[in-house]
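Trainee: Let me begin by handing over the structure; questions about it come next.
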Amino acid sequence: MRSTLRKDLIELFSQAGNEFISGQKISDALGCSRTAVWKHIEELRKEGYEVEAVRRKGYRLIKKPGKLSESEIRFGLKTEVMGQHLIYHDVLSSTQKTAHELANNNAPEGTLVVADKQTAGRGRMSRVWHSQEGNGVWMSLILRPDIPLQKTPQLTLLAAVAVVQGIEEAAGIQTDIKWPNDILINGKKTVGILTEMQAEEDRVRSVIIGIGINVNQQPNDFPDELKDIATSLSQAAGEKIDRAGVIQHILLCFEKRYRDYMTHGFTPIKLLWESYALGIGTNMRARTLNGTFYGKALGIDDEGVLLLETNEGIKKIYSADIELG
């Protein structure tokens, strides 16, 4: 079934609520035959949708699938660009790897790769990202910004702002940003963001932003080494969270912030990022490849670099593990 027809059919059922819709009404709305309507409904059933059919009444949607799917993500997605070209797989080694391959084959800006499970998910510095089936959001977004190479780190901070805003809209949960790419709830990691670039000489060909979100994990779902430092949206909310809704809200927030960025530059993003960031104005320890620095975090500069006031002066921190306090 074509994605647009599938989306339109699900929307018809959702608008009808508990009421039946006749096959003829669906046929007219979708612009296809009654036989085609039946085939489309069978496709939805294969995806896990429970559709009741009653003679002389028509069809009604009883239950949506519990698992993440392309249809669930597409339905209700209100973006113009981000996520409109969607690649969904139940299992991938890494959404980031697949997104790189797609970008190399001229995938358009806004292409989104989503997996229900990753077998080789990774975060910053090639660290393993625990991404089990059925509980999280594992996705990678392809961008093609016309910006200088040195400005690409700004997109990590833009993504962090969009994730914070999207989570609040989707689940009503307030989160904090820990420089440069971690989203925390009560000091525990909930989201990781990985930004990678494809470039030729001084030209950005594409930027791939990977986002991993712990959505419905419970404490026992985490490996022992993560139980004390990781949490999920569900644990914070005290209820199960709709993963498709989280994706949709984040994509919409990202699209708005990205449009602001391409129109007005980094300043609006910088101000938002600092308003959500932990530790600005307080002491922190930055562990870098060139040593460990301790000092007061002043904020970020116009390139998104962390400014740390130390006894030796202001240090620019480009990449580091941060310890607050």
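Start at 1 and count along the chain as shown; that gives each residue its number.
Keep in mind that glycine also has a Cβ here, set from the backbone N, Cα and C atoms.
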Trainee: To which of the residue ranges 23-42, 163-182, 183-202 does Swiss-Prot assign the term DNA-binding region?
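Mentor: The range carrying the DNA-binding region annotation in Swiss-Prot is 23-42.
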Trainee: Express the predicted model's confidence over the domain 'BPL/LPL catalytic' (74-262) as a mean pLDDT, rounded to an integer.
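Mentor: That region's mean pLDDT is 92.
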Trainee: Name, in the order they occur in the sequence, the residues of the same chain whose CB lies under 8 A from the CB of Lys189 (biotin binding site) and which sit 6 or more residues away.
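Mentor: Those within reach of Lys189 (biotin binding site), by Cβ under 8 Å and sequence separation of 6 or more, are Asp182, Ile183, Asn214, Ile229, Ala230, Thr231.
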Trainee: Could you tally the C-beta atoms, other than its own, that fall within 10 angstroms of the C-beta of Gln118 (biotin binding site)?
Mentor: 26
